[in-house]
Amino acid sequence: MEAPAQLLFLLLLWLPDTTGEIVMTQSPATLSVSPGERATLSCRASQSVSSNLAWYQQKPGQAPRLLIYGASIRATGIPARFSGSGSGTEFTLTISILQSEDFAVYYCQQYNNWP
């Protein structure tokens, strides 16, 4: 059995808008999981963003990669093990069967309100 690895998860990402800050809070900050396990990451908005929520994956030295948009729609080429759910203020990214290449930093971003 492979030793658990750290799946890094950004704790806080915020994007200001003209009506007030929307604060996106992600949890957990880090997640210790092993390949083959299920990983669940959560994102909470300080006010409703409807389904205007995206998830990104970033590996060292690489640009962020879009995984999910519209809260639950997989971007082109994203494996089916990645799924998104939620609306309003509560969102979840699930990796059903974690693979070694999935160990990365994950971000959520709202795009309901832009500056």
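Even glycines carry a Cβ here, placed using N, Cα and C.
The structure displayed is predicted, hence computed values, not measured ones.
When Swiss-Prot is compared with the stretches 7-13, 70-76, the one noted as region 'Complementarity-determining-2' is 70-76. Tertiary neighbourhood of the region 'Complementarity-determining-1' (44-54): same-chain residues 20-27, 66-72, 84, 86-91, 108-113, selected by CB-CB distance under 8 Å and a gap of 6+ residues from either end. Over all protein chains present, the Cβ of C43 (disulfide bond) has 27 other Cβ atoms lying within 10 Å. In this view, C108 (disulfide bond) is surrounded by 28 other Cβ atoms within 10 Å of its Cβ, with every protein chain counted.
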